[in-house]
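Asker: Annotated xanthine binding site per TrEMBL: Leu20, Asn27, Lys156, in sequence order. Taken from TrEMBL, the feature domain 'Phosphoribosyltransferase' covers 43-160. The annotation 5-phospho-alpha-D-ribose 1-diphosphate binding site is assigned in TrEMBL to Ala128, Asn129, Gly130, His131, Ala132.
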Amino acid sequence: MELLKRKIMSDGVVLSDQVLKVDAFLNHQIDPLLMQQIGHEFAKRFAGQGISKIVTIEASGIAPAVMAGLELGVPVIFARKYQSLTLKDDLYTSTVFSFTKQTESTLAISSKHLNAQDHVLLIDDFLANGHAARALIDLIGQAGASIAGIGVVIEKSFQRGRAELDEQGYRVESLARIQSLSGGQVSFLD
Ligand code: 5GP
């Protein structure tokens, strides 16, 4: 998606050869017009797939997921993050290792909102090593729901998440694929 790539080049900050900061338009300040176009692009790529729900993670997945939900006309569920969780009644839960915080937390979705009839599009802001995607796939599996595919705003293709999801047979659609962040420079795969 050209507009997104231009935005990454103009407003993204390479923090290291592993981490890209996009606080100017996705992770802190949000660019609504860009989010609208991201939602449009996801909806175009997953049109006609019988998607009934979108599932994402708080907080940075919510903006792109809501815009995609608006376009596809389906509800959006965000998995909530807890440092510790004792009351697990009526919740699907899974642990996730955070790439940016380097800590573990528990993700939870209420069983009220997701069930075996759902066909889910999973959306997240970044795909790095695939921990977040794996935890969401686990939660969706607990509900007995099926997965139409995974929509990612920014994929860092040099980390292992994409290859693992491909191997597992999931359809992954990434709107910007980063080949390398070496030397403080962003280079795209296609
Ligand atoms: P994964 O679970 O695939 O290793 O990492 C994906 C999650 O970590 C995303 O939900 C995102 O919040 C965060 N993340 C991973 N890499 C980056 C990055 O380079 N920059 C930012 N801002 N977040 C990242």
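Keep in mind that glycine also has a Cβ here, set from the backbone N, Cα and C atoms.
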Asker: Could you tally the C-beta atoms, other than its own, that fall within 10 angstroms of the C-beta of Lys156 (xanthine binding site)?
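Answerer: Step by step: centre on the Cβ of Lys156 (xanthine binding site), count other Cβ atoms within 10 Å, giving 25.
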Asker: Long-range same-chain neighbours of Gly130 (5-phospho-alpha-D-ribose 1-diphosphate binding site), Cβ under 8 Å, sequence gap at least 6?
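Answerer: Result: Arg160, Gly161, Arg162, Glu164, Leu165.
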Asker: Under 8 Å between C-beta atoms and at least six apart in sequence, can you list the same-chain neighbours of Leu20 (xanthine binding site), or say none if there are none?
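Answerer: Once residues fewer than 6 apart are set aside, Leu20 (xanthine binding site) is near Ile8, Gly12, Val13, Val14, Phe126, Ile154, Lys156, Ile178, Leu181, Val186.
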Asker: For the recorded xanthine site, enumerate neighbouring residues of the same chain (Cβ within 8 Å of the Cβ centroid of Leu20, Asn27, Lys156, site residues themselves excluded), in sequence order.
Answerer: Gly12, Val19, Lys21, Val22, Asp125, Phe126, Ala128, Ile154, Ile178
Asker: Could you tell me which of these binding-site residues, Ala128, Ala132, has the greatest number of Cβ atoms within 10 Å of its own Cβ?
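Answerer: The largest 10 Å Cβ neighbour count belongs to Ala132.
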Asker: Taking the Cβ of His131 (5-phospho-alpha-D-ribose 1-diphosphate binding site) as the centre, how many other Cβ atoms fall within a 10 Å radius?
Answerer: 16
Asker: Please list, in sequence order, every residue of the chain apart from Ala128, Asn129, Gly130, His131, Ala132 whose Cβ lies within 8 Å of the Cβ centroid of the 5-phospho-alpha-D-ribose 1-diphosphate site.
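Answerer: Along the chain, the qualifying residues are Phe97, Phe99, Leu127, Ala133, Arg134, Gln159, Gly161.
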Asker: Between Ala128 (5-phospho-alpha-D-ribose 1-diphosphate binding site) and Asn27 (xanthine binding site), what C-alpha distance do you get in Å?
Answerer: 15
Asker: Only counting partners 6 or more residues apart, tell me which same-chain residues put their Cβ under 8 Å from the Cβ of Asn27 (xanthine binding site).
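Answerer: In sequence order, the residues whose Cβ lies under 8 Å from that of Asn27 (xanthine binding site) (at least 6 apart) are Lys21, Ser60, Asp125.
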